[in-house]
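Engineer: Dropping a structure here in structure tokens format, bear with me for questions.
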Amino acid sequence: MKVLVPVKRVIDYNVKVKVKADQSSVDLANVKMSMNPFDEIAVEEALRLKEKCIATEVIAISIGVKKSEDVLRQALAMGADRAILIEAANDVHMDIEPLSVAKLLAKVVQAEEPGLILAGKQAIDNDMNATGQMLAALLGWGQATSASMLEITNGSAQVTREVDGGLQVVNVKLPAIVTCDLRLNEPRYASLPNIMKAKRKPLQAMTPSDYGVDVAPRLVINTTVEPPARAAGEILGSVDALVSKLKEVGVV
Amino acid sequence: MSVLLIAEISGAYIALSATAKALSAVAPLGPVTILAAGDGVDPAPLAALDGVAKVLHVEGADYGHQMPESFSELILSIAPNFTHIVAPATAAAKAILPRVAALLDVMVITDVTKLESADTFERPIYAGNATQSVTSTDPIKVLTIRTAGFDDAPAAAAAPIEGVDPTTGSDLSNWVEDRVVKTDRPELTSAGVVVSGGRGVGSEENFAIIGALADTLNAAVGASRAAVDSGYAPNDMQVGQTGKVVAPDLYIACGVSGAIQHLAGMKDSKVIVAINCDAEAPIFQVADYGLVTDLFEAVPALTEQLK
Ligand SMILES: Cc1cc2nc3c(=O)[nH]c(=O)nc-3n(C[C@H](O)[C@H](O)[C@H](O)COP(=O)(O)OP(=O)(O)OC[C@H]3O[C@@H](n4cnc5c(N)ncnc54)[C@H](O)[C@@H]3O)c2cc1C
Ligand SMILES: Nc1ncnc2c1ncn2[C@@H]1O[C@H](COP(=O)(O)O)[C@@H](O)[C@H]1O
């Protein structure tokens, strides 16, 4: 079966984000961008399925600015077979909403007929945690979110999910969507020869209109502001001093 | 305005505080109908919350297991009567509500921290490094509420409870098992005090000193991702961008460096204490009180003094 992996280009998780002076968004000009960390885990999991001869082909797909090619090349360098770029924006500050992303992915699914979609659990820019679930709904497929273990056996996926009380194990019929949590695996690094090889792997460039999907946002962004800073604290010299402070402010 | 609030129910257990906090967040919008879907659940405590117009009660094993395929179908069957479909931002709601939104062809708005009006909402982005205000242009608003910043809705005279029919259900997925960690400690997201351990705690055995301090304070225990990944603590204790979000009166971080992804889950706590031997650790930038010292000395001493 084919495995489809949607990967998003986001601000690198190590970068300290700054809000633009006009409060329109976070400033993404000249900052380091990377593949969403959860999506690297999804790519890794897809590659492991291919190594176990469960997946036949791993297709990475990204929706956004043309520069998203970078993260697709990274997926290819890790070992994905081919990539699809849907150029849906020309400004990095324009985020394509999960509903639109899901609609585009649903069209790609119609064309490619994958047996499994491995997505990230959440994009670390908008922190929505929605796209996989929305796509599952549009396709009428089963879903398992926040996976920390995945096993494919005769036509279904057994998934261990991280939930509020601990772990939940579910069985989902294939085709299905699984979204990956941080403890699913440790993504591999791409070797230099593989990075070179990735440059020659096929990358198909598309636009939302090729799929007849309207990506106009449903949410109007009014302002993006920095949260209020906390007042400076104090370093205390001893446990005694801490205990008296805590008593003074009435929290113990 | 008419609001459908999905109560957080696992099996027969109602997470009353999470539901009551989401209720007080949305009560200003108008009468709230609560959907109590579970397995063997007694909806009476939900009906006795202030602001509730009615409770819809429905039973089903899939609902008790919070299976998104069946649960979203159930919500869809009653959704047309409502302008707002909301739930506390729990793991279950995060799985279910985006599915509901997509089926209604509307955009879901997750982790709402403030309702500015019936269509305008605040939510954190970039691990809480920015706050965005968004206005939804969709006819139905589907929201999950980050409960940490809201108080529980108080008790009131009981609202009527009405039975509704379960929907057909789905065979797309099956529940296999829950591996739930039982604890006598308070629930992490609603506890008044949280004591958290990070990689600095060093081992699962050492985590007992975090537990001992927590027990002295009747606190919940939290952990950093590094502590969970290293097997010192179970995953349900993780606090942060991808773990739980807490805002207790007192948060004590022990051997936690304070990565932005961890701060995302606790920086709205009222009083933050950091115990870390590295004076440069970023946790001290959000701490009200810091001890630059070995946690293996400070934590037991603190426990002793607070007994
Ligand atoms: C996409 C993504 C999501 C993430 N989500 C989360 C999340 O939800 N929650 C989360 O916590 N992390 C999350 N992380 C991980 C985060 O970036 C950090 O790696 C993690 O929080 C570090 O945990 P730590 O502070 O315990 O470990 P470290 O950073 O290793 O810090 C250990 C600290 O312990 C101190 N220490 C050591 N020994 C002692 C001693 N004897 N006494 C006192 N102090 C001592 C050290 O000085 C150090 O500051 C995420 C990362 C990514 C990429
Ligand atoms: N623009 C995008 N391009 C490709 N994949 C995406 C995009 N947006 C979201 N995704 C996928 O959906 C997951 C969840 O994103 P979100 O719902 O935005 O938190 C991500 O981890 C990706 O796997």
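We number each residue from 1, going along the chain as drawn.
For all residues, glycine too, the Cβ spot is worked out from N, Cα and C.
Bear in mind that the values here come from a model prediction, so they are computed numbers and not experimental data.
As annotated by TrEMBL, domain 'Electron transfer flavoprotein alpha/beta-subunit N-terminal' applies to B:3-184. Positions annotated as FAD binding site by TrEMBL: B:ARG199, B:224-225, B:238-242, B:255-262, B:ASN276.
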Engineer: So which of the binding-site residues is most packed in, judged by how many other Cβ atoms lie within 10 Å of its Cβ, out of B:GLN238, B:GLN241?
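Structural biologist: Going through B:GLN238, B:GLN241 one by one, the largest Cβ count within 10 Å is at B:GLN238.
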Engineer: Going by DSSP, is B:VAL256 (FAD binding site) sitting in a helix, a strand, or coil?
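Structural biologist: In three-state terms, B:VAL256 (FAD binding site) counts as coil.
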Engineer: For B:VAL256, B:ALA259, listed as binding-site residues, tell me which one has the smallest number of other Cβ atoms within 10 Å.
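Structural biologist: Output over binding-site residues B:VAL256, B:ALA259: least Cβ neighbours within 10 Å is B:ALA259.
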Engineer: With DSSP assignments reduced to helix, strand and coil, which class does B:ARG199 (FAD binding site) get?
Structural biologist: helix
Engineer: In the three-state scheme derived from DSSP, which category covers B:GLN238 (FAD binding site)?
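Structural biologist: It is in a strand.
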Engineer: Using a 10 Å radius around each Cβ and all protein chains in view, which of these binding-site residues has the most neighbours: B:ARG199, B:HIS262?
Structural biologist: B:HIS262
Engineer: On the 0 to 100 pLDDT scale, where does the domain 'Electron transfer flavoprotein alpha/beta-subunit N-terminal' (B:3-184) sit on average?
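Structural biologist: Summing pLDDT over the domain 'Electron transfer flavoprotein alpha/beta-subunit N-terminal' (B:3-184) and dividing by its length gives 97.
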Engineer: With a CB cutoff of 8 A to chain A, go through the binding-site residues B:ARG199, B:VAL256, B:ALA259, B:HIS262 and name the hits, or write none.
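Structural biologist: Of B:ARG199, B:VAL256, B:ALA259, B:HIS262, none lie near chain A.
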